[in-house]
Structures are given as C-alpha cells and as structure tokens.
Amino acid sequence: MNTSQHPDLGASLEQSRSGLRDTHRRSLMRALFLVTGSALVVFGCLQILNGYIWLATGELIASLILFFGITRINRTPRLQVWIYSYLVTGFSFALLIMLVPEASVSAFVWVLMIPVLAYLLLGKREGFLLSAPFMVAGCITFYFHLEFVADAGGVIDLLNMVLCAILMLGFIHLYETRREEAEQKLFTLAQTDALTGLANRANFQSTLDRTLAECARSGSGFALVIMDIDHFKVVNDTMGHDAGDHVLQNIGKQLTERLRITDAVGRLGGEEFGLILRDVKLEDSFQLMDELRQRIADSELPYGDALIRVTASFGIAHYPDHAIEAETLFRIADRCLFSSKRAGRNRVARAGLSPVKGPLATART
Ligand SMILES: Nc1nc2c(ncn2[C@@H]2O[C@H](COP(=O)(O)OP(=O)(O)OP(=O)(O)O)[C@@H](O)[C@H]2O)c(=O)[nH]1
C-alpha cells in the first residue's frame with residue numbers, strides 16, 4: 001500500500017537532495033552568469049591593456065556564452081548540464097589562474113568558494129564529489145606556489161589555507177545534511193495525517209490526479225472509494241476522544257493491511273477515509289470493499305478493559321465507468337456514501353446500483 005512514500009513526495013525529496021530547489025538554482029545560476037560574465041568583460045579589457053590578446057579573447061568569448069546563458073537558464077530542461085558545465089569550467093579556470101607563476105596569493109581565496117557553489121547547486125553527494133578534488137588540487141597548487149614552504153611563514157600560510165578549506169567543506173557538508181533532513185521531515189509532515197500516518201487529504205488528492213493521468217494513458221480502470229465510520233460520535237461521546245483516536249488509527253491500519261502496494265489510502269478528514277484501488281473492475285472493487293466492511297464490522301478493538309466495535313459505510317465511483325474527472329468521481333463516491341448511510345449504514349454502495357444490505361451498525365463497549 002502506498003502512503004507515506006508518495007511518489008510526488010519522492011520527487012520533491014529528490015529535488016531537495018540536489019541542493020536548492022530548481023527555481024532557486026535557476027535564479028542563482030542567472031546571478032552567477034551575470035556576475036562572472038561582467039567580471040570577465042572587465043578582466044578581458046585589462047588583459048588587452050596588458051597585451052595578453054589571446055587570454056582577453058578567451059575571456060570575452062566566455063562572457064558572451066554566459067550572457068547567452070542568462071537568456072536560456074530559466075527555460076532549459078537540461079539545468080544539470082548547464083550547472084556542471086559552469087562549475088567544472090569555472091573551477092578549472094580558477095585552478096589554471098592559480099597555476100600561473102605570477103598569480104597573486106589572493107587568487108587562492110577562490111578555493112574556498114568551490115564547496116559553497118557546488119553544494120548549493122548540486123546538493124550534498126554530488127557537491128562533495130565535485131568540490132573535493134578541486135579543493136585538493138587548489139591546496140596542492142598553493143603548496144607549490146609558496147615555494148618557501150620550509151620557512152615558518154610559508155608553513156603558516158599553507159596551514160591556514162588547508163585548515164580553512166577543510167573547515168569550509170566540513171561545515172557546508174554538515175549544513176547541507178541538516179537542511180536535507182529538516183526538509184524531508186517537513187515534507188513528510190505536510191503530506192501525512194499525524195494521527196494515522198496515512199496520506200492527508202491534499203496528498204490523497206494529488207495521488208488521485210496522478211492515478212487519473214496514468215490510467216488515461218494506459219487505458220486501465222480504478223475505483224475511488226470514500227469510507228466513513230458509522231456513528232463515530234458515539235465512540236467519542238461514550239468512551240472519550242482518546243478511544244476515538246485509537247479507533248481511527250486501527251481502522252487506518254486495517255485499510256492499509258488489506259490493500260495492494262499499488263493502491264492508496266488517505267484520511268480525508270474526521271472519520272472519513274479515501275481509497276484508490278488500481279486496476280480493478282467495478283464489480284471486483286465492490287466485492288473487495290464489502291469484504292473490508294465485513295472485516296471491520298467483525299473486529300473487536302481492545303481499549304483498556306473494553307472492546308470497541310464499529311462499522312463503516314462505503315461509496316464507490318469507478319474510472320472510467322462513472323466519470324473521468326477527479327471532481328466528478330469524488331462527487332459520485334460521496335453521493336454513494338450518503339446513500340449507504342441513508343439506507344442504514346454498514347453498507348457498500350456503488351454508482352448506478354442500489355446499496356447492498358449488511359447488518360446494522362454497532363458501537364459497543
Ligand atoms: N477522536 C477523534 N474524533 C474525531 C476526530 N476528527 C473528527 N472526530 C469526531 O468524529 C465525529 C463525527 O461525527 P458525525 O459527523 O456526527 O458522524 P458520525 O457520528 O460518525 O455519524 P455518521 O457518519 O452519520 O454515521 C465527531 O464527534 C468529531 O468530533 C479525530 O481526529 N479524533
């Protein structure tokens with residue numbers, strides 16, 4: 001049964017593991033393109049004044065590519081390719097500058113920017129894999145650049161650089177790990193009903209929308225079921241709210257245990273649950289729900305010294321037999337549920353047919 005590992009949630013988490021969310025990554029890339037593109041124009045002009053025509057040409061061409069990138073980055077489906085191209089070229093270029101014998105010591109501060117950009121744009125795993133080798137290469141280049149590493153001043157410079165690079169990488173790694181965990185927790189909370197652990201209404205609705213789209217493509221059918229516990233108020237009023245909560249949790253468990261992994265269950269609110277049964281015919285979904293109804297009616301739930309018995313009513317709408325839109329399916333299933341309740345409760349009703357009679361509802365302690 002598919003609840004907490006909701007595919008939409010999975011996709012969101014996958015995006016979260018790539019560093020910033022897509023829209024933020026695009027904004028950051030645009031800002032980076034603008035800043036580096038402009039800086040390259042300035043550097044290019046300075047190189048011309050210094051007489052380094054080839055270097056100036058390279059920098060000006062790179063700045064043109066970056067300005068072109070600003071116009072593309074918002075719409076490109078290949079965001080990851082753009083990010084990798086930018087980071088690998090940028091980091092390699094920074095290393096190249098550091099390798100030039102006349103390079104200023106200040107050029108090496110860019111080594112510390114490597115993990116910041118890589119983690120923000122690629123997330124923890126890929127960010128580490130990309131930044132670690134470039135940072136090591138930067139530190140080694142710095143070592144050779146110092147030349148007089150044997151004297152105390154050189155050793156201090158080298159240690160400052162290495163320590164700062166390690167701390168930078170470590171802190172960013174820790175920060176990104178915590179951020180991913182917090183985001184994962186928030187996603188789960190936002191999509192889950194806290195009491196039962198099932199998908200909440202919004203999560204269930206998006207599963208229904210996705211199921212509709214998939215079934216429209218594959219041509220298969222599914223059933224939307226709305227289930228409501230009968231006279232649930234009596235349980236709350238006679239045994240207390242905690243007993244009511246206990247019943248809701250137990251019913252949630254019974255539903256998830258009985259259904260297939262490809263099916264979905266959610267708590268729509270109060271004592272109402274929603275079920276999506278994939279690849280079933282109307283008649284089969286009816287049989288399955290009647291079996292579930294009987295199982296709920298037969299079970300006795302221990303609570304303290306008492307045994308609680310409840311019954312439930314069901315309404316079924318079938319895609320595509322009854323409707324092909326989520327809203328209409330919901331309306332039909334709801335109408336069927338209402339007719340089950342009106343006919344005496346503890347029943348299953350499907351659209352187009354009259355409710356099938358079952359034994360009367362009971363709530364007994
Ligand atoms: N314990 C508990 N009770 C809840 C929760 N959410 C809603 N309820 C209660 O569920 C009850 C629903 O009552 P009604 O809407 O009258 O429905 P019912 O008593 O089940 O009657 P029918 O649906 O007509 O069979 C109310 O007493 C609500 O307070 C919850 O999270 N926990």
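Any Cβ shown, glycine's included, is placed from N, Cα and C.
According to TrEMBL, the protein carries these features:
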DOMAIN    220-353  domain 'GGDEF'
TRANSMEM  27-46  transmembrane segment
TRANSMEM  52-69  transmembrane segment
TRANSMEM  81-99  transmembrane segment
TRANSMEM  105-122  transmembrane segment
TRANSMEM  129-146  transmembrane segment
TRANSMEM  158-175  transmembrane segment
Using a Cβ cut-off under 8 Å, which residues of the same chain at least 6 positions beyond either end of the transmembrane segment (129-146) come close to it?
84, 87-88, 91-92, 94-95, 98-99, 103, 105, 108, 110-111, 114-115, 118-119, 122, 154, 157-158, 161-162, 165, 169
I'm checking region-level scores; what's the whole-number mean pLDDT for the domain 'GGDEF' (220-353)?
94
Helix, strand and coil counts within the domain 'GGDEF' (220-353) (DSSP):
60 helix, 39 strand, 35 coil
